[in-house]
């Protein structure tokens, strides 16, 4: 329960952080899609641990193995695509103290309360290693969207702690800009300050959070359903299912509450190709729950990493007061590695809605 996502383009992830491996089964991918396994691996490389000194030092190759669903390793058959990544660098001993004391703001206590048992080593399904399956599946969804609709999805770090990049143009930013530094912020000068802040907070044995911004360029028009399956609602659910997420906004977001209707409304403009075009994009590319063809722009808030080296007050499994200083290898800030996770979840939502749109509205 709770490990599957999507309707027509549907994924199911499996595995624990310190188990034999993690992976995903993708169902509903159309046949005859030219699929690059190298592109899947490239997305996983952006997510994997140990890629810089500001991420967890856990060393994992995160090499994907595609078990089914492809012809000659490059063409989808329309059958389930199964992918697995083996865990290689587990250290269960790092979690000895956490086996008897709950980590504040982590899933330890709530998993124990719900199930009466928990995978204490590595956090089990609450670990960010679960997102390997999402990123692998999202890489397939990205390729489907690009080939079928010309859609591009790109995310970047907008804020770390209280350091924010305010000059990024979602229409112009490129992947090379995002990947130019280890924090994945396109503004190089701001990125340097972000890295310094993560380093300083990490030296204190503490952690920090921030905001990731994501743009969808050239989205198909008409994606989304009225009422309960609005596109922004499904996007919110998707990204808010990622570990450590605490907030979501689209378009003008909460700042839009400071505007009057005459200031916030996106005026329609004539276009030569018959597509909808607006003078502004406060709606973030979605109106009435349905995409209008303008860029979809969202922002996602991530809390500080829960497991920190600083000693904290907590309780043990018997409910008695104790203290805990986290051990193990954890990111002082999840934002740099969360960028491909956000892109993946956005891609999964759009791929699912693209298939739903084709199935309902393209018969005649």
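In case you wondered, yes, glycine gets a Cβ from its N, Cα and C as well.
Quick caveat, the model's predicted, so the values are computed rather than measured.
As recorded in Swiss-Prot, the features of this protein are as follows:
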type: BINDING; residues: 47; note: NADP(+) binding site
type: BINDING; residues: 125, 126, 127, 288, 303, 304, 305, 306, 307, 329; note: FMN binding site
Out of 47, 125, 303, which of the binding-site residues is least crowded by other Cβ atoms within 10 Å?
303
Could you state the CA-to-CA distance between residue 127 (FMN binding site) and residue 47 (NADP(+) binding site) to the nearest Å?
13
Measuring Cα to Cα, how many Å separate residue 125 (FMN binding site) from the residue listed as 'NADP(+) binding site'?
17
Where residue 47 (NADP(+) binding site) and residue 303 (FMN binding site) are concerned, what is their Cα separation in Å, rounded?
18
Among the binding-site residues listed here, 127, 305, 307, whose Cβ has the fewest other Cβ atoms inside 10 Å?
127
For the FMN binding site, please report the maximum Cα-Cα distance among 125, 126, 127, 288, 303, 304, 305, 306, 307, 329 in Å.
44
